[in-house]
Structures are given as structure tokens and as C-alpha cells.
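A.B. asks: Pasting in a structure now, in C-alpha cells, and then I'll have a few things to ask.
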There are 2 protein chains.
Amino acid sequence: MSRAYNFCAGPAALPTAVLEQAQQEILDFQGKGLSIMEMSHRDKVFVDIAEKAEQDLRDLMGISDDYAVLFLQGGASTQFAMVPMNLLGEGETADYINTGQWSKKAIKEAGRYGKINVAASSEDSHFTTVPPQESWKLSANPAYLHYCPNETIGGLEYSFIPEVGETPLVADMSSTILSRPVDVNRFGMIYAGAQKNIGPAGLTLVIIRKDLLGKAGAHVPAMLNYQTHADNGSMYNTPPTYAWYLAGLVFEWLKKQGGVANMAEINQRKAEKLYGFIDGSDFYSNPVEKISRSWMNVPFVLADDALDKTFLAEADAAGLLNLKGHRSVGGMRASIYNAVPEAAVDALIAFMADFEKRNG
Amino acid sequence: MSRAYNFCAGPAALPTAVLEQAQQEILDFQGKGLSIMEMSHRDKVFVDIAEKAEQDLRDLMGISDDYAVLFLQGGASTQFAMVPMNLLGEGETADYINTGQWSKKAIKEAGRYGKINVAASSEDSHFTTVPPQESWKLSANPAYLHYCPNETIGGLEYSFIPEVGETPLVADMSSTILSRPVDVNRFGMIYAGAQKNIGPAGLTLVIIRKDLLGKAGAHVPAMLNYQTHADNGSMYNTPPTYAWYLAGLVFEWLKKQGGVANMAEINQRKAEKLYGFIDGSDFYSNPVEKISRSWMNVPFVLADDALDKTFLAEADAAGLLNLKGHRSVGGMRASIYNAVPEAAVDALIAFMADFEKRNG
């Protein structure tokens, strides 16, 4: 068994220690004679796992009892529909900020359910900037404001949490959740697909202020109504139990690492090293304005894109996997989530320096 | 490591050989240096796994190119909404047959989206019978007819496939899929949550005749539109990759067992043994009419329900797990899906005989 350094944007690297524990328990969970996968979600053994996972997440993020934490399915793409179906009342308007491809998808989907106001967009800068909040054209009384704090594809991350007064702030945190401390109390709702910083694909976390529950109309499917899941502890139907268990192992691992504050220090150091190296080179470049560079997703291009294929093939051979940029933008992208160790970034920089020396 | 006999109704037993292979590959898939869980769904390695799983399922069930096979999320409960959202046009009526708690849930959810006609119900017999088709009061021109061929809770299984002419037949096969051969061509659509005969919870299979695609209105979420998933090979967004991989291992295992025809022989033998033993006893009983007894879920009660707790505790101690009946009906239930070996049924019968001798 050999583990490479994995820079995949998602489904992304998981901590080796988590996979080792899962491996050990997969056929027989703690002497019970069966796998977690083979157990009813209503079995006390699983219920304990599920509750501990929720509590560990609450501890890690400082989530108060004012919020429900839901373990759902369907990915962020299902949230693009659920948010307006649950929070956008008849005749109301929702504000959206457009800072990249995931924002755009959320905006497009929301358009099916009511009036959407795109209050700001950085499409003119090819999503290399975050529009300053002073420039946002907010509605008079929006049902909520939606934004994507970290755009996985563009590698663009907000350096601030929007100030929106009483308006519920809704954030797609899929690729930034748990990477740094965040004041949950400033949000009406946070959601995240699991497959970047939480666990395997097929699990979606929703953290929603309880006063925002119960607004969905009768036409909303039970499974798409947050109230259904809040009322049933995310067990209205069979949840994705194995993914929930793995997420719990990741939360335990994060606590052992010193929690999110400690991860933030490591993540900042990893990102600064990599951006510092890129900025110090004429061979590599990153287009994003410095203040809005993502700690999690670092896209970069080679000055001569004819070398892209060689770069990727040699990186792969060196055990540096999945550095290809998103198919919609090309170039390279190193996703350096919590589970990607600092040594991986060091190894990447050493490889990039060597590649430049040989090809620059 | 010791593996007990697991009679859980779902999430249910998986083949030990499947879990052993998963265990071996979980940290490093075939020398690639990472887990299947940590890999992009667009990686050729995963795409090959996904395509092979689909092909193996097509081979096992004899699914022609007239049908799309979709690997989705959300469980059968999400299908309860998706079916009418996709197939029930404005002003149309859908027919439903009510044979148990899962039928009822499907009927209740469908009621949000249009006119539902319950064409027959066996609620009067406490769902111990399947209403004969001659008694069904079908609509003049229904958009589809929905039924649940195997009711997991009641242990009731149709002994026939309804004859409905040109009406698309829609079946919730969650707890019977792959347990016996079925002529897919007689169905407009088949769906199944994975956690009984396919793989872990968090994956839902949909097999839909292609001419039924594309009927959803603009108000239907992209993620709840079958067309979206058919157009994108179930990769419109990140699918539950690990569950998909595990389902693929189960399909491979089924092929090695001689396919569904062979499983049907084993399943029939398992069921006949257990029902035969129950019928031969005054101590145990099963209330379902003989022709409609499920091969997969065998509910039974003790003549003296004061003994229930002792029965369950002793069974558990003997390594016969999860025999408690559904919380809504009580008693016992042995779910004997494909992955539950014949030896488990033999062991259960031996235990039941011994328990009767000591307590009868």
C-alpha cells in the first residue's frame, strides 16, 4: 500500500488515519459482527455514531442550538433548488452574488422558483475578483442573500463575510467549510457537499437557523423540505449511513489536529507557500487578486501551455496526482484541503521548481 | 474479525466477499495511490468502474438500450416525488395500488403533484393480501400505474406483474430488485433504494424507458428531472461514487453466483424453508396469504408476545442479528436478501426450533 499526494478538487483526499480506521472496521464494527453499512440507521450503535458526528461538528464550528444540523443527500446542486424552495416566498426576491461557476449554477437553478436579483458579479474580470460590498445593488427587502465564499473552480475566496443586517445570509461553503473558523451566527444557512473537507461524496451538510424552517409550501417535496429533516433528525428516510460515519471520523480527526483554528494556521501556511512560489516565478502564474486567493483551491497556468501535458504526466509519475485544472478553464489546479498535508505542498513546490529549471 | 448472520431489513447485509475486496482497496485502489473515495468522478478509473457497474446491471436484469439506467441519490422517498413530477402531466391522473406502508407513503407524496386514483387497496386485510387485478378500479387513461412489488414491512410480495396495456407501469422494487428474474420490458420505470439488494444506503437506482424522459415541467428542480441525469450519465453533479463502486462489486458478485436466475432458486429455497417451518409450528405464525408471501422479508410473531424480548436477546447472543420487526408493526422479521446465505436461514430455523422447545 502506498499513498500518493492527491490534489483532487473533489471527491478529494481524506486523512489516511480515517481510511485506516474505516478499513479496520469495515467487516466488523467493534465486534458487533457486521459493518456499519449493514446496520439499520435506527440501531443504537448507528444512532450514537450519528449523534456524536453532529456534536463534534457543532463543537468544531461553534454551532449553537439556534441552528439545526442536517445530514442530507443530493449535493450542493440539490441545495441550489432547496434554498429558494424553502426560503423564497411568493412574490419575494432573493439576492445572489455571482463570483464564478458555482454561483452561476445556483443563480440559474433559483430562477425557476421566484425573482432573483444578481446584486453583483465579477464575470467581467473572469472571476478573478470579488466585487467590493459597497458596489452591491441589494434589493429593498430580499428573502435572503446567497453567495459562494470559495469558488472551487476559479480559486476565488471572499476575504470578508458580507454585512447584510437582518437579511438571512446563505452560503455555499462546499469547498471552504472547516478550513478556518467562521462565525456561524452571522449566517441564516450554510450548506456544503461533503466531498471536499468532510467525507465521501453522497452526503450534504446543511446548517440552518431554526426560525428559517417551516416556510416551504405544500408543493415542495417532503424530501426537499428542511423541516422534514429537522423534525426527524435527518432520518425521515434512510440516510447515507456510511458517508455519515466517515464524516464523523473526519470530525474526530479534526479535533485531534487541534480543531479548525489549528487547521486554519496550517492551511494559511500551505497556501502562502504555494502562492509565494508561483508569484516568485515567471514560469507559473495565478490570475486571482491577492486578497481573494483561495486557501483551498490554487489554480495556476504555465507561461507556455504547450508544456501542460508534460507537466501533468511528470507530476503524476512523481506521485503528485490530480493537478489538472477544471475542464472548463484548463491549466492546473492544486486543491489543498485539510486532508492534504503540508508535506504535499512542499513536494509540489519542489517538483514545480525542478520542472521550471528543466523547461524554463 | 467475526461475521454474524444479519437479518436487517435495511441497510442490509452485504456479501462478505464484497466487503473484503473493499477493505483491501480502501486506501489504495489497484496501486493508484488513493482511494476510490478520493478520486474525481470524471477520472477515467472511476468512469470505467461506473460504466462496468451499469453494464453488469444491464446484463443481470436484461435491460435493453430502450432504457436509461440512472445512479441517483435520495432514496425511494425522493422517487415518490420524482415519479409524479416527471410523469404526471397537467390535468392527468395516476393510478396507485395500496398494499402497505411504502405504497401509502408513495401515494401521500404523489398527492402534492396531481390527481391520484387509488385503484385498489388491501388495507382492510391489514395488508396481508394483494388485491386481485380483476378488482382494480383503474382510471380511463392514467399517466402511469404505480405499485410496490414487495412491501418490506408487511412481507407481502406480488405473485404477478400487473397487466396494464399501454399504461406505463412504475414499480418501487427497493426490496425485491435482483432477487429473481423480471421482464424489464413490461415496465415503464423501476426504482430501488440500494440498501437492500444493491449496496450501501445513499444510492438509488432508476431504470426508465427513454420515451418517458423529458416530460418534466420548468418548475421541476434540475436534480429531480430524470432527463438531467440521463443526459449526463448520472454525473450532472458529483454522484455518490463510493456507493456506486460498492454496487458494482455486488453486481460482479451476483454474476459470479450465477446471476439472478440462480439467486432466485436460492432465495425461493430459503423462503420456503422458513415459511415451512413457521407454518408447521403453533408457536410461530405469519399472517400473509401464501401466494403473496415475500421471498425477501419474512415477518412472524410468537403466539405469546411476552416472549418477544427473550427471543430477540437470545437470537442476538446466538449471532442472529436484527430480527426485530418494524417499529410500526412489532413482532419479528427476518430479511433474507441475496447476501444472506442459506446457512443463515438454517441457523435461524434451528434457533427457532430450540427456542420453541424451551418455551413452547
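Backbone N, Cα and C atoms are what each Cβ position is placed from, and that goes for glycine too.
Got these off TrEMBL a minute ago, pasting:
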- B:5-348: domain 'Aminotransferase class V' (DOMAIN)
- B:ARG42: L-glutamate binding site (BINDING)
- B:ALA76, B:SER77, B:TRP102, B:THR152, B:ASP172, B:GLN195, B:ASN237, B:THR238: pyridoxal 5'-phosphate binding site (BINDING)
- B:LYS196: N6-(pyridoxal phosphate)lysine (MOD_RES)
A.B. asks: Between B:TRP102 (pyridoxal 5'-phosphate binding site) and the residue listed as 'N6-(pyridoxal phosphate)lysine', what C-alpha distance do you get in Å?
C.D. replies: 14
A.B. asks: Checking B:SER77, B:TRP102, B:GLN195, B:LYS196, B:ASN237, B:THR238 - which of these recorded positions have a CB within less than 8 A of a chain A CB?
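C.D. replies: Only B:SER77, B:GLN195, B:ASN237, B:THR238 pass the 8 Å Cβ test.
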A.B. asks: Can you name the residues of this chain that are 6 or more positions from B:SER77 (pyridoxal 5'-phosphate binding site) yet have a C-beta less than 8 Å from its C-beta?
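C.D. replies: Long-range Cβ contacts: B:LYS105, B:GLU109.
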A.B. asks: Near the residue listed as 'L-glutamate binding site', how many other Cβ atoms are within 10 Å of its Cβ?
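C.D. replies: 12, counting other Cβ atoms within 10 Å of the residue listed as 'L-glutamate binding site'.
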A.B. asks: Between B:ARG42 (L-glutamate binding site) and B:ASP172 (pyridoxal 5'-phosphate binding site), what is the CA-CA distance rounded to a whole number of Å?
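C.D. replies: B:ARG42 (L-glutamate binding site) and B:ASP172 (pyridoxal 5'-phosphate binding site) have their Cα atoms 30 Å apart.
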A.B. asks: Whole-number answer please: how many Å between the C-alpha atoms of B:LYS196 (N6-(pyridoxal phosphate)lysine) and B:ASN237 (pyridoxal 5'-phosphate binding site)?
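C.D. replies: If we compare the Cα positions of B:LYS196 (N6-(pyridoxal phosphate)lysine) and B:ASN237 (pyridoxal 5'-phosphate binding site), the gap is 25 Å.
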A.B. asks: When you measure from the Cβ of B:THR238 (pyridoxal 5'-phosphate binding site), which residues in the chain that are at least 6 apart have a Cβ under 8 Å away?
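C.D. replies: Result: B:HIS41.
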A.B. asks: Which of these binding-site residues has the least crowded Cβ, counting other Cβ atoms within 10 Å: B:THR152, B:GLN195, B:ASN237?
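C.D. replies: Across B:THR152, B:GLN195, B:ASN237, these binding-site residues, the one with fewest Cβ atoms within 10 Å is B:ASN237.
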A.B. asks: Per DSSP, B:ALA76 (pyridoxal 5'-phosphate binding site) is which: helix, strand or coil?
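C.D. replies: Where B:ALA76 (pyridoxal 5'-phosphate binding site) sits, the three-state DSSP reduction gives helix.
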A.B. asks: So which one is it: of the recorded positions B:ALA76, B:TRP102, B:ASP172, B:LYS196, which has the fewest other Cβ atoms within 10 Å?
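C.D. replies: Checked B:ALA76, B:TRP102, B:ASP172, B:LYS196; of these recorded positions, fewest Cβ neighbours within 10 Å: B:TRP102.
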